[in-house]
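Just below is one structure, and these are the notes that go with it.
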There are 2 protein chains.
Amino acid sequence: MPVNIAPLDPAALLPIAGVEIGIASAGIKKVGRKDTTLFRIAPGARVAGVFTLNRFCAAPVRICQGYLAAGHEIRALVINTGNANAGTGVDGMQRAQAICAATAVELGVEANQVLPFSTGVILESLPADKIIAALPAAKADFSASNWAEAASSIMTTDIVPKASSTQVQIGGKTVTITGIAKGSGMIHPNMATMLGYVATDAAISQPLLQQMLKYAADHSFNSITVDGDTSTNDSFILIATGQAGNDEIVDANSADFAALQAAVLQVSQFLAQAIVRDGEGATKFITINVEGGASYDECKAVGYAIGRSPLVKTAFFASDPNLGRILAAIGYAGINDLDVDNIEVRLDDVLVAINGGRNPDYREEQGQAVMNKAEIAINIKLNRGEHKATVWSCDFSYDYVKINAEYRS
Amino acid sequence: MPVNIAPLDPAALLPIAGVEIGIASAGIKKVGRKDTTLFRIAPGARVAGVFTLNRFCAAPVRICQGYLAAGHEIRALVINTGNANAGTGVDGMQRAQAICAATAVELGVEANQVLPFSTGVILESLPADKIIAALPAAKADFSASNWAEAASSIMTTDIVPKASSTQVQIGGKTVTITGIAKGSGMIHPNMATMLGYVATDAAISQPLLQQMLKYAADHSFNSITVDGDTSTNDSFILIATGQAGNDEIVDANSADFAALQAAVLQVSQFLAQAIVRDGEGATKFITINVEGGASYDECKAVGYAIGRSPLVKTAFFASDPNLGRILAAIGYAGINDLDVDNIEVRLDDVLVAINGGRNPDYREEQGQAVMNKAEIAINIKLNRGEHKATVWSCDFSYDYVKINAEYRS
């Protein structure tokens, strides 16, 4: 069961002026399952994306990268579940392009203004004809209030839909940010995650939108892990429709940029953490705070070494304060000049390890009390610099094996 | 249950002239459990070692590294299970040194001629007094024929003991090589594995012994993974007593060196593969052959990405030919200029993927037939160079979670 995710309240999801969403059933894996989601974006909006670094990236990822790099004005997103269109070669590219072309005809735009996204099984041929046949129904469903429905329709092994909204004042105008994401397994994003979409009505220049997206990705989706497997289809898209009426943000050092970035980050972190809380088989939500590092990257490497260690994750599943496994993971995180005698490790506020060994005052029952909780922080001080990073992870349970041994994801 | 390991035949383990072994019960975790193993090595032998690169390496690892680097003639090894003496700071170093000193008195050698080894739980204080009290009993048990008993007494979560012998002709003399190893979880060795000891009666110079050890480690213990966790205590020791009567091997390009290296590699690979076959919860033994790489390191990176992927490992547990997960792992192995359109992936001899996608002639039942087996090869051609590497791994089952959630290893 997901760890501490409040049920989605559709009324709390705020529409974004300039974004409409329609949903349909193409019958990709199951007849009647809502598996196709169409976004229509008003003219003049700006769109930025970051994508998986997996070399076996899916056909739709390659197409998105190409269209965004060429600077085309993006007018639509079309998303399917049930098939990743990855490991599908030239044929997969042609099928994704056919979907873009059909969507363009449906909406009266150009094919290179449509970004395609797929998620599901790898190495199987995408039934593009079914998706194309569902496009009119998706168009007929267009509404600015369909964010909750979209959060559900992009799910695969997810148990709960993931969505969040916030508002912030920018230059005297109320700016709204709403986002959705999906993901539960094959979660170890590298540059982005398994389908995240955040939209705002703020006006912001294209380079700053890209900069903001990169920052938000690094500190949200690029800071989580469920199983250490980096997907072929990770995509994170930030849309700015510019309809809030604020003066366009063009200065990365301005208060407006900072305010919008904080709000985008808030929504992105909520979504990324929701993916971990809904991680396959998860029973615990683990926050790994690493500070005192010589660089952000080394802090993150330590966080990820702990967060993806099967031994750490099974110990947390068992609520077993077998904390030597955390030290072992820190030790193999790849910091070759790490002086372990300077490290402090705390479980929540309980000091476990110091001076290269166990804190003499630490008592097993203190660790046990923390391990019994569903939300646990591992707090690490490297004491060798001023940088810090946070990684979010979950435990590793029988159900992870069950889900991945029994489900063809 | 371990995958295809024949029961150990003590009679097949050949003694090594110049090596005696004694075993005793120190009662470290359980009264009566044989947990302390003592090797006595004759004067004139040469000893080389490689050790974990984990920065939280255990106190005994640090001591071994120091004594070997200083060039002391090694005369004894003392090995305990039940406690890793890792994450134990200055106090842990003092306890390990006390064991070396007591062993030296018992055997009439110097403390810096004794290499200590520990395996078991991390972050707990080593009961050195119990080990020291057991040394006389271990000495009284000295025999050249105790290799099988030693293979059992160094086990922790291992289900079966791991040992192997071979013989080879060197310069007209019969040279014998015998080795033992232990390990089952926290297996992703980096430079060595969780306790491997190989001895030969061959005569060989110290630099060539070290070179041979490094090569054997890289192609055996450093080519396996169970769970991706690199231990704090990995140690692999090669002893050459020089009592076989062959002329000392001093030329790395000689036929004698090649013959001995091949024999040492054979024993080392047997032991390393036995660790994988006995991997925690393993039901399948997976050989990952990667060829056509631009370097050995990139071939190994691809092998390890596949071998440690929880998604690949759970699919193998389920005998599910969900082979897209293999492509995804290849894609995130870190080869930034990898052209996936050139890759061929075979399951045993069945061509699964080619030209960046699924082989059009591949049929699911072909993959299923291979997946139903207990020993499976994943054969990958990168088609970008002349290098190759092999990694051995196992699947990921409910029992892995059970063992690590319920056992304080």
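Heads up, the Cβ atoms here are built off N, Cα and C, so glycines get one too.
Taken from TrEMBL, the feature active site, nucleophile covers B:Thr193. Annotation source TrEMBL lists substrate binding site at B:Thr156, B:Lys182, B:Thr193, B:Glu280, B:Asn404, B:Ser409.
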Message: Are there any residues at least 6 positions away along the chain from B:Asn404 (substrate binding site) with a Cβ closer than 8 Å to its Cβ? List them or say none.
response: B:Gly185, B:Glu280
- prompt: Hey, which of our binding-site residues B:Thr156, B:Lys182, B:Glu280, B:Asn404 end up with a Cβ under 8 Å from chain A?
  reply: B:Asn404
- prompt: How many other Cβ atoms are found within 10 Å of the Cβ atom of B:Lys182 (substrate binding site), counting all protein chains shown?
  reply: 27
Field: Largest tally of Cβ atoms lying within 10 Å of a Cβ, found at which of the binding-site residues B:Thr156, B:Glu280
entry: B:Glu280
Query: Hey, does DSSP put B:Lys182 (substrate binding site) in a helix, a strand, or just coil?
result: coil
Query: Per DSSP, B:Asn404 (substrate binding site) is which: helix, strand or coil?
result: helix
